[in-house]
Amino acid sequence: MWRFVIIAEHHRRTQLRSQRRSGESGHLMLADGAMEGERRGEAPDQDATCLKSNGAVPGEPVKKDENSRRGNWGNQIEFVLTSVGYAVGLGNVWRFPYLCYRNGGGAFMLPYFIMLVFCGIPLFFLELSFGQFASLGCLGVWRISPMFKGVGYGMMVVSTYIGIYYNVVICIAFYYFFMSMTNLLPWTYCNNPWNTPDCSGVVGQDGTLNTSLANTTSLVTEVVNRTKRTSPSEEYWKYYVLNISDDIGNFGEVHLPILGCLAISWVVVFLCLFRGVKSSGKVVYFTATFPYVVLTILFIRGITLDGAINGIKYYLTPQWEKVLDAKVWGDAASQIFYSLGCAWGGLITMASYNKFHNNCFRDSIIISITNCATSVYAGFVIFSILGFMAHHLNVPVSEVADHGPGLAFVAYPEALTLLPISPLWSLLFFFMLILLGLGTQFCLLETLVTAIVDEIGTDWIIRNKTIITLSVAIVGFLLGIPLTTRAGIYWLLLMDNYAASFSLVIISCIMCVCVMYVYGHRKYFKDVEMMLGFPPPLFFKICWRFISPTIIAFILVFTVIQYKPITYNDYIYPGWSLAIGFAMALSSVICIPIYAIYKVVRSPGATFRERLKNACRADPNWGPALKEHRTGRYAAMTSEDAVEDCPLKEREELKEEQKERKDDISLTIQGSNGSTTTHNNPNPSA
């Protein structure tokens, strides 16, 4: 009898509280939330989402897929464009075309697209679904298995290294962009103070083609044998832009114009990210699409030039015998893996701002195919210009083809001097490089900021995320200053070759093993089905469990077997610098075992086996971020955790209500003899 009285009294009090809250202060709280949202530049009803999901605002539509506390993309186009900008970077322009002609031309496309289907798209989908399901960055998602949180720290280390040197490349593109604002490109002739006697320009002083280099192939060969020809663009790059020293340990002075451009690069990145995805999502409408406009303009111009067809033929002509070479397959797998940005943490971070039920399966296919199609398209643009250059020099295309910075800042700028109105084409080309670089840099910086904010997770740090973004940008600028010295190019290439090489392969492999075998593939497939409304296709299930990890292991073995010490032109890196390179590579991987040991030691359990099992078990907070999405086995989340997604004001009120409920109800339990006991009574017999 008393039990029914207590329950009835509880329902009466709850109803009165609900009526009082909705009648007296509900509209005021909603208005306050709307005003606060407007002050932050958000939609007026976004801060009221938590109230709506808890039934405090009757009669209004419920936005159940909006994370008001953390934020979401404004719309899905912003996410797709940001991810395209992240995946499509400088490597699509200066690495893929080179790999294509080096590995059999058109025949390279076969292993390239096979690796895309069996490794690239599945890994891309895995990372997008991973971040979107938990709505957390590369650190927070490891609630799935806390012992492997070191993988997230490894991703942060890799993104830090890449973010430091990547912005230096962007700043050099800025420098060339500014230097192109002239009537005559400064790397056109050999009559400058920085030129050496070995300089031999393609264009004569009267503006016509230098006949000493272009008359016959034999004459070219004679000139090359007599003296080592260096082009004006190469000497401009080495002796003026870089003012390169003779050794990696000889830093020399800082090149102030490059330092100024580095500051400009970081300022641009910060201004585009100071409001997180709310600001970067708007910027990518331009930064992710305009490079395709520039590529198309350059392509139309390139194919109208003499010799362009020869360059394109050289780029595409298949050498089918090379398909049987394991090195070609290794290059294809590596290019797919590194080009898509797997294991950097950026894909997880960008997907974490998606709404829970977004179709990330569709997005992964669209973005992956767009990335690879861009690489192929860029090859047509590059080799049409290089074919034109080879035609004028009367030399094979292979002698003017290059990759890496040599293509972007030496070979292509030299080809631009042969075009009418060359400063215009130079401006377009380097503006394209800037935009391609910024698209990747946005995600690298956002990866670090999101990881820090998610890890600390206090209301203060969420409200002041801009301060964290500014701090990371300042630190990145300071760490990039050594790369603007005379030895900077040596360090930039060292970081490019070691900081994000085999370490990414190891991180990605461990991530697959953790999700599929430690957490469990069946549970993860159910998670994806709960999020998307349909299970992952059978093909992706097989790839995630077997094929993709095998290909990743193949990439690792290939990387080790094909390893060669890094060189820059004729300069051979000393042993101590290579040791630093390996230390950078290991610094991200070593995070994994160190944190795993720490977590096992700190986990409860009487034996090592129990500690290991507890360290691998998913955290109770693992799962969808919003309460309304936690269905099925996630419905058992405690009410204290459920209110953490709400803004501070509503969260305190909900916690107070939960406390009142605990005081009202003593959790009565009817005994077998009809008596009642309570959990609050420490002495059941009293």
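Just so you know, glycine gets a Cβ as well, placed from its N, Cα and C.
Those TrEMBL annotations? Automatic predictions, nothing curated.
Taken from TrEMBL, the feature Na(+) binding site covers Gly85, Ala87, Val88, Asn92, Ser339, Asn371, Leu436. Sequence-distant contacts of Val88 (Na(+) binding site), defined by Cβ-Cβ distance under 8 angstroms and a gap of at least six in the same chain, are Ala288, Pro291, Thr370, Asn371, Thr374, Leu436, Gly439.
The compositional bias 'Basic and acidic residues' annotation in TrEMBL covers 646-665.
Annotation source TrEMBL lists compositional bias 'Polar residues' at 667-686.
Cys190 (disulfide bond) is surrounded by 21 other CB atoms, counting those within 10 A of its CB over all protein chains shown. Feature annotation from TrEMBL assigns disulfide bond to Cys190-Cys199.
The region 'Disordered' annotation in TrEMBL covers 39-68 (among others).
Here TrEMBL flags 638-686 (among others) as region 'Disordered'.
The transmembrane segment annotation in TrEMBL covers 79-97 (among others).
If one looks beyond the transmembrane segment (109-130) by at least 6 residues along the same chain, the residues whose Cβ comes under 8 Å of a Cβ in the stretch are 100, 141, 144, 323, 328-329, 332-333, 335-337, 340, 342, 347-348, 350-351, 354, 360-361, 363-365, 367-369, 372, 376, 508, 511-512, 515, 527-528, 531-532, 536, 540, 543-544, 547-548, 551-552. Annotation comment: TrEMBL describes 109-130 (among others) as transmembrane segment.
Within its own chain, the transmembrane segment (151-178) is flanked in space by residues 90, 137-142, 241, 257-258, 261-262, 264-266, 269, 343-346, 348, 405, 408-409, 413, 426-427, 430-431, 433-434, 437-438, 440-441, 444-445, 447-448, 451, 476-477, 479-480, 483-484, 488, 491-492, 495-496, 499-500, 503-504, 507, 510-511, 514, 584, 587-589, 591-592, 595, which lie at least six positions past its ends and keep a Cβ under 8 Å from the stretch. Per TrEMBL, transmembrane segment is recorded for 151-178 (among others).
Annotation comment: TrEMBL describes 254-274 (among others) as transmembrane segment.
Counting only same-chain residues 6+ beyond the ends of the transmembrane segment (283-303), those with a CB under 8 A from a CB of the stretch are 77-78, 81-82, 84-85, 88, 272, 309, 312, 374, 377-378, 380-381, 384-385, 388, 419, 425, 428-429, 431-432, 435-436, 438-439, 442. Per TrEMBL, the feature transmembrane segment maps to 283-303 (among others).
Here TrEMBL flags 336-353 (among others) as transmembrane segment.
The feature transmembrane segment is assigned by TrEMBL to 365-390 (among others).
Annotated transmembrane segment per TrEMBL: 424-445 (among others), in sequence order. Same-chain neighbours of the transmembrane segment (424-445): 82-86, 88-90, 92-93, 159, 162-163, 166-167, 169-170, 173-174, 176-177, 180-181, 185, 265, 268-269, 272-273, 280, 283-284, 286-288, 290-291, 294-295, 297-298, 301, 341, 344, 346, 349-350, 408, 412-413, 416, 469, 472-473, 476, counting only residues six or more beyond its ends whose CB sits under 8 Å from a CB of the stretch.
Outside the transmembrane segment (466-492), and at least 6 residues removed from its termini, the chain residues within Cβ reach (under 8 Å) are 160, 163-165, 167-169, 171, 242-245, 247-255, 258-259, 262-263, 266, 269-270, 273-276, 405, 445, 448-449, 452-453, 568, 571, 573, 577. Residues annotated as transmembrane segment in TrEMBL: 466-492 (among others).
What TrEMBL lists as transmembrane segment is 498-521 (among others).
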Thinking of Cβ pairs under 8 Å, which stretch from 254-274, 336-353, 365-390, 498-521, 542-563 has the most of them with the transmembrane segment (79-97)? 365-390
Inside 8 A of the center formed by the CB atoms of Gly85, Ala87, Val88, Asn92, Ser339, Asn371, Leu436, which other residues of the chain have their CB, for the recorded Na(+) site? Val84, Tyr86, Gly89, Gly91, Gly341, Thr374, Ser375, Gly439, Thr440
Would you mind checking how many other C-beta atoms are within 10 angstroms of the C-beta on Leu436 (Na(+) binding site)? 28
With pairs closer than 6 in sequence left out, are the transmembrane segment (254-274) and the transmembrane segment (498-521) joined by 3 or more CB pairs under 8 Å? no
Could you check which of the binding-site residues Gly85, Ala87, Ser339 is the closest Cα neighbour of Cys199 (disulfide bond)? Ser339
Same chain, outside the transmembrane segment (336-353) by at least 6, Cβ under 8 Å from its Cβ: which residues? 70-73, 79, 82-83, 86-87, 89, 91-92, 95-96, 112, 115-116, 119-120, 123-124, 127-132, 134-138, 140-141, 152, 155-156, 158-159, 162, 277, 360, 368, 371-372, 375, 440, 443-444, 446-447, 450-451, 500, 504-505, 507-508, 511, 552, 555
In Å, rounded, how far does the Cα of Asn92 (Na(+) binding site) sit from the Cα of Cys190 (disulfide bond)? 31
Taking just the CA atoms, what is the gap between Cys190 (disulfide bond) and Ser339 (Na(+) binding site) in Å? 37
Across all the protein chains here, work out how many other Cβ atoms are within 10 Å of the Cβ of Asn371 (Na(+) binding site). 24
